[in-house]
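Input: a single structure, listed below in structure tokens.
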Amino acid sequence: MQTVIKNGTVYQNGRLIHADVLIEDQKIKAIGTDLTGDKVIDATGKLVSPGLVDVHVHYRDPGQTYKEDIETGSKAAAHGGFTTVGAMPNVTPVPDTPDLMKKMVQENKQKGIVHIFQYGPITKNETTDELPDYAALKKAGAFALSNDGHGVQTAQTMYLAMQEAKKNDLIVAAHAQDDSLFNHGIVNEGEKAKELNLPPVTELAETTQIARDLLLAEKTGVHYHICHVSTKTSVELVRIAKACGINVTCEAAPHHLLLTEDDIPKDNGYYKMNPPLRSKEDQVALLVGLLDGTIDLIATDHAPHAKQEKQGGMQNAAFGITGSETAFSTLYTKFVKEDKVFTLEQLLSWLSDQPAKVFGLKKAGVLEPGCPADVAIFDLEHETELKEKNYQSKGINTPFTGQKIYGATVMTMVDGEVVYQRGEK
């Protein structure tokens, strides 16, 4: 059967064009005008995009499925227009052996409704200095390495990890955090920490480890990717490193682009995340970094928690914010429609073809004949409200609930099959 998406504004090759998209046998067959098919999806007035790509999600499965599981996490991704995600390995047990990795990959495929690529850990159990067998993990299905949630604390361990990752052509995606400097902090070091009387987090906890790792990456030649950069100095370090030819890429999270520490209204656990919300100066630096190419992509760091884990104030709340279901719409509304900081084409690139390119996910994040029919359709014209009852994730831990947005997802397709349709829970 042939399905045609008619009369949409299609994002293809960095441009927006008025076109139809023809789908057959799970693939894009053609993009053009006056195309016909057995089934017609009317996209008049809608944006037709490649399925978005999020290289940073936490599905808590196995081990903490009361927070999220593969099924609900992938449904949340589809609700946000994402058709490809990278799942972090901070689950229980950590997939640090070939058997555990194979099982994880199999579970992702069986339970997920989007394409789920699985990270392996940089170190065994994510908390030791012992390296797993990277070659075996890659053969079992790992597409990259990360200890996200934990910084690799010793330079020697990271140096050895980068050497082995380079040998096996694996990306090292680092959560840059020096625990001795983080020192059980909660909010960014500044006036807000003083106002709330909460332990501060110095930016040095992030920047010193980035500086260390950039030197190690230069020495080893590994592809070093930095998760959720959040400070002006971090951006400057990456900018200098790229100018020096170091093989480094990095991502920014939607919440660090949209919010600052000044937006924390009170001691509210929904605003507790790691890295913490930073200063206005840091926020501006992130936006400039995206626009000048220092920051390569946007990734959500979707980190769901049970409702009770985010209540009772920031001191005892868990770190983390959801993002899969709110990323595109909140970013589009704020930075494209309202403030005109960047274009729709730029936003779509940072959320689709760029993450796919950086991580070597061939045929993801693009609409081209012969590629998988992974498609997202968005409504840019009508205002809607973000409501808890509409979330597909088990986690409702986002401060964006109640916000009026444009860019709601109308439909998401994976391999030509509809996996999300607005109005259907």
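The backbone N, Cα and C atoms fix where each Cβ goes, and this holds for glycine too.
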Swiss-Prot annotation, substrate site containing His58, Tyr59, Arg60, Asn90, Asn274, Phe319, Gly320 - matching residue among His256, His305: His305
Per Swiss-Prot, member of Asp148, Asp169, Asp415 binding Zn(2+) 1 alongside His56, His58, Asp301: Asp148
Count of other CB atoms lying within 10 Å of the CB belonging to Arg60 (substrate binding site): 26
Extent of the substrate binding site in Å [max Cα distance among His58, Tyr59, Arg60, Asn90, Asn274, His305, Phe319, Gly320]: 17
Residue among binding-site residues Tyr59, His175, Gly320 with Cα closest to the Cα of Asp301 (Zn(2+) 1 binding site): Gly320
Local backbone state of His175 (Zn(2+) 2 binding site), from DSSP in three classes: coil
Residue among binding-site residues His56, His228, His305 with least C-beta crowding, 10 angstrom cut-off: His228
Proximal but sequence-remote residues of the same chain as His175 (Zn(2+) 2 binding site) (Cβ under 8 Å, at least 6 apart): Ser146, Asn147, Asp148, Gly149, His150, Gly151, Cys227, His228
